[in-house]
């Protein structure tokens, strides 16, 4: 690194604290995390040939009983090169594909095949070697895979599925990996605010959708993958340059900031990372299952909306692709605003002693899940009106953003030493829900893509959201669990590894 570059880094350090830099890059990282995921949900509307129905796939698809072999075999027809005149009057020649409803939803859903494989291993790996490396490499390789997505689509339908599965495999480790980062860097009373950075994923979706819609109308669908992939590579460079595993290993942290972090986190437990997971106690803990079940049901609803909202607007509300991107982004903007506001309020209430950690988590979880459940019920009756539909989806995801002050960071309350493992387990279940949601919508709208079929989807979402809230109210807690600090087994060596302290036991 040149002297000029070093001086530039020092200037950045003087302007922002290390925690502020971490917060900023974490927020941008989760924005890109969802940009890399949802770019396909809007691009696929333009990738598929218009007026393609289920019958184009022939009897082989129907005979396959919707199995993987049937879907892949029915996709053997090659894409067709079509001419599209952009909004600027430029002719763009792009390949479009004769995929039916099942094949389209299959491409969207196969992401979760890879995603589910790395959730739990990614969380545990982050606890062992540090979240910086796991989160950073997850995003780096996902960005590279995004860049080659158009090439994979042009090669074959099967190759596109392979790339999407690999993308899910890489991104699967990113969400649980950030919990061990918070356990080391973020004081207990600031963790709700830090966890709101995860909801920047909604902000990323909100920004990505209108940009994707515009790029498709100007440059064609492939451009959205090139842009999001390139920005992801740039973020990865910044992450590995400015973020370090712990305050103790950061070369540019001030003594004052390091002392402030370490004193706030406390010294109630050993600084060594636990060498094993107390699986018996963890799996028998109601508090753990409260997080796992609630997250699984909650994300099932969220993934159904995030993957299917563009299709609903295109097929039922008849929005064009550019308008689709703009209106589809509104619910995500609302969700991020709520995530930040509720997190600041939750930490304020805890710091002032107004509410205990347990009461805070249950209150915000109930609000974040019951409200969308009631709004999905309203969508059943009002969803054919475009204005009502956009308003309801926006309000539903707006309220859902409060999960950051509820169950989302609850693993840091009950067992910070194993918060990555707990969230990895929870996200593993939610990944199955993600694939199930795309299959469910495809099955319900395959032969009859009418609003009546979508009403069934909305009823299912209402029941799912409300059930999630009930589970957490009954089983959830904010108390530190005794198994967070298991006794060490006999070790071969005694190499100390610095670890973040657990959240203090609050009442």
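Cβ coordinates come from backbone N, Cα and C, glycine included.
Since this is a predicted model, take the numbers as computed values, not measurements.
Sequence annotations record features per position, and here TrEMBL assigns domain 'Major facilitator superfamily (MFS) profile' to 21-480.
What TrEMBL records for 486-507 is region 'Disordered'.
Annotation source TrEMBL lists transmembrane segment at 21-45 (among others). Counting same-chain residues at least six beyond the ends of the transmembrane segment (21-45), those with a Cβ under 8 angstroms from any Cβ of the stretch are 12, 104, 107-108, 111, 135, 139, 142-143, 146, 149, 164, 167, 171, 174-175, 178, 181, 185, 194, 197-205, 207-209, 212-213, 216, 221, 224-225, 228-229, 231-232, 235, 238-239, 242-243, 306-307, 310-311, 314, 321, 324-325, 328.
Taken from TrEMBL, the feature transmembrane segment applies to 102-118 (among others).
Counting only same-chain residues 6+ beyond the ends of the transmembrane segment (139-160), those with a CB under 8 A from a CB of the stretch are 29, 32-33, 36, 39-40, 47, 72, 75-76, 79, 95, 97, 99, 103, 107, 166-167, 170-171, 174, 221-222, 225-226, 228-233, 235-236, 239. Taken from TrEMBL, the feature transmembrane segment covers 139-160 (among others).
Marked as transmembrane segment by TrEMBL: 166-186 (among others). Away from its own ends, the transmembrane segment (166-186) comes close to residues 19, 22, 26, 29, 33, 36-37, 110-123, 125-127, 130-132, 134-135, 138-139, 141-142, 145-146, 149, 194-195, 197-198, 245-247, 261, 409, 411-412, 416-417, 419-424, 427, 431, 498-502 of its chain (Cβ-Cβ under 8 Å, at least six residues beyond either end).
According to TrEMBL, the feature transmembrane segment maps to 198-217 (among others).
Sequence annotations record features per position, and here TrEMBL assigns transmembrane segment to 223-244 (among others).
Taken from TrEMBL, the feature transmembrane segment applies to 282-306 (among others).
Residues or ranges marked as transmembrane segment by TrEMBL: 326-349 (among others).
Long-range Cβ contacts of the transmembrane segment (361-382) within its own chain (Cβ-Cβ under 8 Å, at least 6 residues beyond either end) map to 294, 298, 301, 342, 346, 355, 388-389, 392-393, 395-397, 399-403, 405-407, 410, 413, 455, 458-459, 461-466, 468-469, 472-473, 476-478. Summarising the annotation, TrEMBL assigns transmembrane segment to 361-382 (among others).
Proximity of distant same-chain residues to the transmembrane segment (388-409), defined by a Cβ-Cβ separation under 8 Å and at least 6 residues beyond the stretch ends, is recorded for 179, 182, 191-192, 194-196, 198-199, 202, 290-291, 294-295, 298, 301-302, 305, 309, 312-313, 317, 327, 330-340, 342-343, 345-347, 360-369, 371-372, 375-376, 378-379, 382, 472, 476. Taken from TrEMBL, the feature transmembrane segment covers 388-409 (among others).
Long-range contacts of the transmembrane segment (421-444) within its own chain (CB-CB distance under 8 A, at least 6 residues past either end) are made by residues 66, 101-102, 104-106, 108-113, 115-116, 119-124, 127, 168, 172, 175-176, 179, 277, 282, 288, 291-293, 295-300, 303-304, 307-308, 311, 411, 414-415, 453-454, 456-457, 460. If you look up TrEMBL, you'll see 421-444 (among others) marked as transmembrane segment.
Here TrEMBL flags 456-475 (among others) as transmembrane segment.
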Between the transmembrane segment (223-244) and the transmembrane segment (456-475), do 3 or more CB pairs sit under 8 angstroms, pairs being 6 or more residues apart?
no
